[in-house]
Amino acid sequence: MKFFALFIQRPVATTLLTLAITLSGIIGFSLLPVSPLPQVDYPVIMVSASMPGADPETMASSVATPLERALGRIAGVNEMTSTSSLGSTRIILQFDLNRDINGAARDVQAALNAAQSLLPSGMPSRPTYRKMNPSDAPIMIMTLTSDTFSQGQLYDYASTKLAQKIAQTEGVSDVTVGGSSLPAVRVELNPSALFNQGVSLDAVRQAISAANVRRPQGSVDAAETHWQVQANDEIKTAEGYRPLIVHYNNGSPVRLQDVANVIDSVQDVRNAGMSAGQPAVLLVISREPGANIIATVDRIRAELPALRASIPASIQLNIAQDRSPTIRASLDEVERSLVIAVALVILVVFIFLRSGRATLIPAVAVPVSLIGTFAAMYLCGFSLNNLSLMALTIATGFVVDDAIVVLENISRHLEAGVKPMVAALRGVREVGFTVLSMSISLVAVFIPLLLMAGLPGRLFREFAVTLSVAIGISLVISLTLTPMMCAWLLRSHPKGQQQRIRGFGKVLLAIQQGYGRSLNWALGHTRWVMVVLLSTIALNVWLYISIPKTFFPEQDTGRMMGFIQADQSISFQSMQQKLKDFMQIVGADPAVDSVTGFTGGSRTNSGSMFISLKPLSERQETAQQVITRLRGKLAKEPGANLFLSSVQDIRVGGRHSNAAYQFTLLADDLAALREWEPKVRAALAKLPQLADVNSDQQDKGAEMALTYDRETMARLGIDVSEANALLNNAFGQRQISTIYQPLNQYKVVMEVAPEYTQDVSSLDKMFVINSNGQSIPLSYFAKWQPANAPLAVNHQGLSAASTISFNLPDGGSLSEATAAVERAMTELGVPSTVRGAFAGTAQVFQETLKSQLWLIMAAIATVYIVLGILYESYVHPLTILSTLPSAGVGALLALELFDAPFSLIALIGIMLLIGIVKKNAIMMVDFALDAQRNGNISAREAIFQASLLRFRPIIMTTLAALFGALPLVLSSGDGAELRQPLGITIVGGLVVSQLLTLYTTPVIYLYFDRLRNRFSKQPLMKLE
């Protein structure tokens, strides 16, 4: 009593406390970063190694395997996957979520150092690593185009000037340049001219390397002057290399220009980028973990004038994709929902209490509780994102509950003629324990969620903490500010202006009287009520089993990714044309705003596209509907497939795939894997629950297989290393020298001229000069024939692996898809030597699916324990928890009605319902117990009176929670697919539970009271 009086009788102190909470919240709000979802930093490290010209199998056996053995010993590695393709190996290490990324990076560096001695000596550089976050998509993509500058020059400007400046922008972590490669001097050899002059390819390489060196020449100290010695030991342009003497033939010099075409070009001619139908260089910008996306994008945009001024005017620098507009729009929609929810909740209070002054009290309490939460969010390192703002929207219905319970009880005393100060003290004392029980038991629901491991736990931690803090602040406000305002603002016997809306009071009274009659019947027919309750429990089980399930709602971020997979033997020139054709088809769709793409590099038959859709206000279709529409048009393109998927803010796993979900086949025997992968892929492609089924197993690439005649080689004085060097020099785009410039370093690249690299018959023109100076054609000691070879070799752990990727058809669910895949594997009879397992998002979904029921049970158990402690009873918590089955039925039926799958968002809605619907029972049980202890009446009479007495606050709090969630159900625009499942679950659960628990709770109370009387004759204890 004294505690409450302290705040009621000291209005200035209470007001200043409220202002302090509000001001701290406003400051916290201004400092909070902005992002689409809570930051989940998966500790992922990518190791890269290169050996230009090496085939995938060589890269896998000589580079990937030694590295995997060393890296596999690192503690905390959850998954290790590798892809070896032409000249490169990429290894992805995914660590435990709790592993420190910096410590993991040190371990990776140590492992790379240990493996260095096991790697081939021909590697141009040591393996490197970088940290990465697979779930963090680029925040911006820029393009450089020009009618006058070459692609190499554009790439040079992009990497040397623009990327450096952009990377220095606050919030930017990495800028990747693609679509071409750095400028280089290319030496395109003519095999016929070399043969005629008697010059070997390796002699040309050695001559170029020896002619371009950078070594210190020292200095000279004269008597009065210090002289630096500088020689023209470097050649920096193609023009400088052309007259270089590479050989003497009968005393006459053979110059490089006599046997080769020397041009200024690029390091890798098999790289191409496109934007808006013309060649382009791409700048892909990523943010730092936890950085404010909107602020970072704004900073980059502010730098655009300076960036454009730093490059020639004939180069166009444009933004092809910007992630911030959809984030801004989505957060604006959530904030709008929050404001609407607050307004609706306050309207509920006004309708029921019919007093402007009384309505003012929750109108102050609700914003203060919500605003104060921002301070705690900032201190916890959270961000303003869809989930944290959804938590505040839902919290609107929760935080007003405490104020409503206190306000309604005080108003009841005022209506009875009690003076305001006395009514405030008496009213808050009567319901103080009730409010405390409601708040603590509601927060207890989130304890299992806070302890949940893995991605879901990290993802919803902000949601749970934000909601819990809002409830905690609301508890403080409802027990301090609310009674103080009641004492100083409200009056006994309110009259006057409320007469005009008194009609609603009559309606409410009539409803209450009707409820009293129906409750009286229910208490007289308890068996029928119990049948209904047991039926809801059974219906819960059936609905949960039958409802389609998915991991996370399919988002429409306004961005799509396209992955091209062409015939494995396709040439680079044909691949460029495929990219252009696909970009034209996609760009012609009315919902598409821009398309940017690139192809080349180590994957010769693949390409990628970044697609931006028009804002939702300018298109009628969702991203998934656009994909479905384009799928039919894209299927008509021969020789290649384009797989489209909507970019999601949540992505799990570091492996590259052409679709959203992955199923990986593992085998110790590569032959068994190659035998069964096509069978499994064909079976999965027939499943209607899957779409865009494809595989990363590409073992049908065209290869010219050479067989050396070692006896002939020994007789001719040629060893295998010389023959291999010949092929590498001719076809490997071999980097043979480095050109040092003030801002960058460039390469001298040697291979045969393009007309020879595009025709396998050029092998007939290759030759080696043996130790006797004789020119020996390759055909003298080698035979070759066409064969198939892998374009990539994939490992998971130390096993050969092949990943089958798939998307979901429009309206499909992940649970149906995974179940169909498992059935197909069983029906195929795949041997035990070939193992299948879901990977990435599909794997996390299956793990989450197994833990969902345990999570719900843990939440119920936690609430039971908390209520048992609060009520000093084993039985009364069960009475309160009997409200849950009806809420579950309502939530699941609502999801079925709206054709929404059961996702993690819906699971959170169920968790919230556990906390919400028990409030009704708490209010009933509290007053019934108090009446039994102090009024000396029967349990039936006590629960009947409590139900009628608390009918108005029960209806008010339920409607407040319902209206708080209603804006989420009715939301549209960006991010609605995240908000709607939560709102649907809560509204459906509230409606059904409100109808049933008004009857089931009193009946359960009676049953347990009879049970208590049967086993114990002691009267109820009075709890102080």
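Including glycine, each Cβ sits where the backbone N, Cα and C put it.
So that you can see what the record holds, here are the features copied from Swiss-Prot:
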- 12-32: transmembrane segment (TRANSMEM)
- 333-353: transmembrane segment (TRANSMEM)
- 360-380: transmembrane segment (TRANSMEM)
- 387-407: transmembrane segment (TRANSMEM)
- 435-455: transmembrane segment (TRANSMEM)
- 469-489: transmembrane segment (TRANSMEM)
- 528-548: transmembrane segment (TRANSMEM)
- 853-873: transmembrane segment (TRANSMEM)
- 875-895: transmembrane segment (TRANSMEM)
- 897-917: transmembrane segment (TRANSMEM)
- 953-973: transmembrane segment (TRANSMEM)
- 984-1004: transmembrane segment (TRANSMEM)
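The largest share of C-beta pairs under 8 angstroms with the transmembrane segment (360-380) comes from 387-407, of the ranges 387-407, 435-455, 875-895, 984-1004. Between the transmembrane segment (469-489) and the transmembrane segment (435-455) there are at least 3 Cβ pairs closer than 8 Å, counting only pairs 6 or more residues apart in sequence, which means the two stretches are in contact. Beyond its flanks by at least six residues, the transmembrane segment (387-407) meets 37-38, 331, 334-335, 337-338, 341-342, 345-346, 349, 353, 358, 361-362, 365-366, 369-370, 373, 377, 427-428, 431, 434-435, 438-439, 442, 459-460, 462-464, 466-467, 470-471, 473-475, 477-479, 482-483, 486, 912, 915-916, 919, 923, 953, 956-957, 960-965, 967-968, 978-979, 982, 986 of its own chain at Cβ-Cβ distances under 8 Å. Stretch with the largest number of CB pairs closer than 8 A to the transmembrane segment (953-973), among 333-353, 435-455, 853-873: 333-353.
Between the transmembrane segment (853-873) and the stretches 333-353, 528-548, 897-917, 984-1004, the greatest number of Cβ pairs separated by less than 8 Å involves 897-917.
Beyond its flanks by at least six residues, the transmembrane segment (897-917) meets 394, 397-398, 441-446, 449, 456, 459-460, 463, 467, 544, 547-553, 811, 813-815, 848, 852, 855-856, 859-860, 863, 883-884, 886-888, 891, 961, 978, 980-986, 988-990, 993, 997 of its own chain at Cβ-Cβ distances under 8 Å.
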